[in-house]
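Q: Below is one structure. I have some questions about it.
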Amino acid sequence: MLVDASPRSAQDVIAYHKQKYNEGVQDGSIIPFTYPMFSLGLAVVVVFMLIPPQSPFDTPLTRWAVVTFMAYWHVWIIVNCRSFNEAPSFGIGIVSACLILWTATTLIFHDSKREFKRIESKTYVRHRGEWWGLKKPRVAQEAEAEAEESSNRRMSNGNSAVHSLKKMGGQADLKATADSQSAKTSATPSAAEEAPSNEYFWQGYPSGPLIERLDWVADLYCSFRGTGWNWLISGLPGPPHHIQAQLSSPSPNSLASVHRSTSLPISRAGVPRFDTFRASILHTTWLLTSGYIALDACLTLITHDPYFWGLTSAPVPAFLPAPLHTSWALARAYRLVLSMTLIWLCLRTFFALAPLVYVGALGPRRLGPRGEPWLYPDHYGAAGGERGRGVRVEWGVACVRQRDADG
C-alpha cells in the first residue's frame, strides 16, 4: 500500500505524495531533480562529440572515460534524485538509462564520428545564369550539356546556311536567317533554367564550423530510429526512390550489411512512410485527435479505480461489468491491459508531435531534410511480424543475416 489511510479520491493521493515529497526535501532525504544538474552528463558527451576525430583528445581511453562518467552520473541520479511531477520522473528513469546505452553505443561499440553518416541535401538556385551552391546539380549539368550540344548543332546548320547565302549574295536573307535563329534560341526554354533543385548526399562528421558539428551531433542524439542515417533500424522503410538514386550507395561504409531498407512506401514490418506533406499532416492529425480522446477515456477509468491510487487490494469499481467483480483473473487482466494501453497511447500521441512541428510548422525550408515528411514514418507496424511471416521465421532470418555479416 502506497498511502497511509484510505483515500476518498485521486486528489487525496496526490496531496499525500506531495506532502511526503516536500518533507523529504526539507529534511535532506530527497534530492530534487532539477536542471541544469540533470544535463551535466549529456553536456560532457556533447562537448566530447564536438572534438574532431583527428584531435589527439579523441582516443579510446577518453571515450571510455566519458562513458564511465556518463554512467556514474546518471546512476547516481536514479538512486538519489526524486521528482513530484511525471515528466521529470520520466527523465530520472528511462531517459537516464537510454542516455547511458546510447552513449556507449556511439562511443564504444561504434566509432560514430567515422562510421555514422546522415542524408543531407543542398538547394541550388539559378540566379543570373549561375548556379549558387557547392556545385551544379547533376540534373542541371546534364540539361546544360544537352542544351550546349543542341546549340552547337544549330550553329553548325547556321554556318552552312550562311555559306550558301554568301555564295548567293543574299545579305538581307542572311540577316533575316540570323535573327530567326536568335529568336528561336531565346524562345527555347532550357531545362537548366528550372530551379530551385535539391541534391542529396551522405554527410559524415563535418569538418567545418562548430555550428555544423553541433547540428550533426544534435541530430545523432535526437534520432531514436536512425531515419535518414546509415544505421537505420530494420523494419522501417528507407528513403524514397528519387533520393536513393542520388546517393552514391545504399550505405557508405561497413554498416551496409545491416541497412536493409528499400524505397517501398511500406516496409516489410508494415510500417508506412509518408512522401507528401498532406499525407503526413493528415496522419499526424488523426493520431493526435484519436490519441487525445483515448487517453482521456483511459485516464477517467484509472482516476476512478482505487487500485491505481496505491490500494492494490481494492475491488474493481462498481460501474464495471459484473464478470470483473466475480473473477480475480479477469480483474487483474483488465487492469494490466488498461495500464499497457495507456502507456502505448502516451507514446503514440507524443511521437506524433514530431512531424507536426518539424514538417508542418518548420518544414524543409528551415530544417532541410529534417523537415521532409518521408523522414517520419509511423512508429508502429503490423502486429503479425514482417508481412505475416511470424516471429520464429523472423528470428531465423535475423540469425542468418548476422552469420552472413560476420563472414
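Using N, Cα and C of the backbone, Cβ positions are placed for all residues, glycine too.
Annotation comment: TrEMBL describes 30-51, 63-79, 91-109, 336-358 as transmembrane segment. The region 'Disordered' annotation in TrEMBL covers 143-162, 173-195. Residues annotated as compositional bias 'Polar residues' in TrEMBL: 153-162. Annotation comment: TrEMBL describes 180-195 as compositional bias 'Low complexity'.
Help me see these features in their spatial surroundings.
A: Same-chain neighbours of the transmembrane segment (63-79): 33, 38, 40-42, 44-45, 48, 92-93, 96-97, 99-100, 103-104, 107-108, counting only residues six or more beyond its ends whose CB sits under 8 Å from a CB of the stretch.
Listed as Cβ neighbours of the transmembrane segment (336-358) (distance under 8 Å, sequence separation of 6 or more from its ends, same chain) are residues 274, 280-281, 283-285, 287-288, 291-292, 294-295, 298-299, 301-302, 367, 370-371, 373, 375-376, 379-380.
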Q: Checking distant contacts: for the transmembrane segment (91-109), what same-chain residues at least six beyond its ends satisfy Cβ-Cβ under 8 A?
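A: For the transmembrane segment (91-109), the far contacts come to 33, 38, 41-42, 45, 48-49, 63-64, 66-67, 70-71, 74-75, 77-78, 81-83, 116, 220-221.
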